[in-house]
Amino acid sequence: MKLKRFLLRYYPPGIILDYEQGGATKTKSIDLLELTPDSDTEEILKELCMKEPLITEKRKIQVQELIERLKSKLCSSSKTKFGQYKILRAHILPLTNVAFNKSGSHFITGSYDRTCKVWQTETGFEVYTLEGHRNVVYAIAFNLPFSDKIATGSFDKTARLWSAETGECHYILQGHTAEVVCIQFNPTSNLIATGSMDTLAKLWDVETGSELASLNGHTAEVIALQFSQCHSITTYGSSIENNGPYGDSVCGAGNGRLMLTGSFDHTVCLWDVRTGERTHHLIGHAAEVSAASFTYDTCLVATASMDKTVRVWDTRTGRQLHLLTGHQDEVLDVTFDPSGRRLASASADGTARVWNVGISGETKGAKFLSTLIGHEGEVSKVCFNSPGNLVLTASSDKTARLWDVETGELKDILSGHTDEVFSCAFNYESDTIITGSKDNTCRIWK
């Protein structure tokens, strides 16, 4: 093996190695998910040198500098105050969803007006209107990190694949017999997954638009799906125990090889994308599942339910690790921070809650960190910024709010919408926020 170059990934922290082996160029990822500004660089370097043969003696100084750069990025203070930058009267009917591309230079909006629109973030200029659906455009997605394609799912029972660069519709994905309500590209951007009210999830070939698999494992509507997100998997040693906190993912489910689907049948299914086979059926909730999310390393899944609970599961065994209670009403959203150590939940009780679930696969109890109290209506959406120290919430009280993860302290209120705020998102650098509201506007905050 011959090392060609190092690449940095700031969120979550990691070092990417491009190398040659047998005449082919390959990539592996060293995930430093436990890295903090106070981490001992020498100890991390020592462990990496022991486990990674590509990090030779002459490369040690370079790797040391990369670790310091990652720590420095974590040290940089996160923006906690945002002002209203642009108001976009985006659609003639209410919005359904908003989503950034990887760089945050553009974002997309879906709407009841049957269109998806592409916007330039800095200017607020409408770049394209993606027209063709015959009913509500409910689900929208960029093919991250490339961001040159867009997928839309509609109540017209179809999904469509579009060019983000020209606005051209490449394919109409037909096969569902009810509304398409969730959609996502896999990390390598060669597959699209769709979830529908017809109880099915389907996999589609991005190159041809053809249906590759129909995942039949639920008995009610599929309302959430997600691909595993690790882009490269390399395990050191022959067993999980040989991997320290600075080894690569040990779940072996990266590169989009695993997918989850959440359903109103109270369950979540895990699927092997390569075979279309269900690997685990996560049963335990007493009411509809409203949201589900992988950790970055794919070792854990969190599920939110109308039964007022959040549950955390081991993806390798399908076993429930944690039952998180405390909400007084339906839990509407759940997400992990980029490191996978903390999760946040949003509830119809008007609060969000934050837990520390520790290192992936730990069975000891999750630690409750804070309740985010202040909204005057249900909280329907929650997301972390890239460093993972701030949480953004969207509420029916017409505001979005920014909170400190550790203390639960309210940092900022994004007010101005005249109706329910149902969608919110940070860009990758976490210095820009978009919010979508039932007032038919999308607002940019900087």
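Glycine is treated like the rest: Cβ placed from N, Cα and C.
Automated prediction, rather than curation, is the source of TrEMBL annotations.
Here's what TrEMBL has on this protein:
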type   : residues : note
REPEAT : 88-129   : repeat 'WD'
REPEAT : 130-172  : repeat 'WD'
REPEAT : 173-214  : repeat 'WD'
REPEAT : 255-281  : repeat 'WD'
REPEAT : 282-323  : repeat 'WD'
REPEAT : 324-357  : repeat 'WD'
REPEAT : 372-413  : repeat 'WD'
REPEAT : 414-446  : repeat 'WD'
Intrachain neighbours beyond the repeat 'WD' (173-214), with Cβ under 8 angstroms and 6 or more residues off its ends: 135-136, 138-144, 146, 149, 151-155, 157-161, 220-231, 254-256, 259, 261, 263, 265, 271, 273, 276
Mean of the pLDDT scores, which run from 0 to 100, over the repeat 'WD' (372-413): 97
Same-chain residues near the repeat 'WD' (372-413), Cβ under 8 Å, at least 6 residues beyond its ends: 10-12, 74, 78, 80-82, 329, 332-339, 341-342, 344-354, 419-426, 428-430, 433, 435, 437, 439
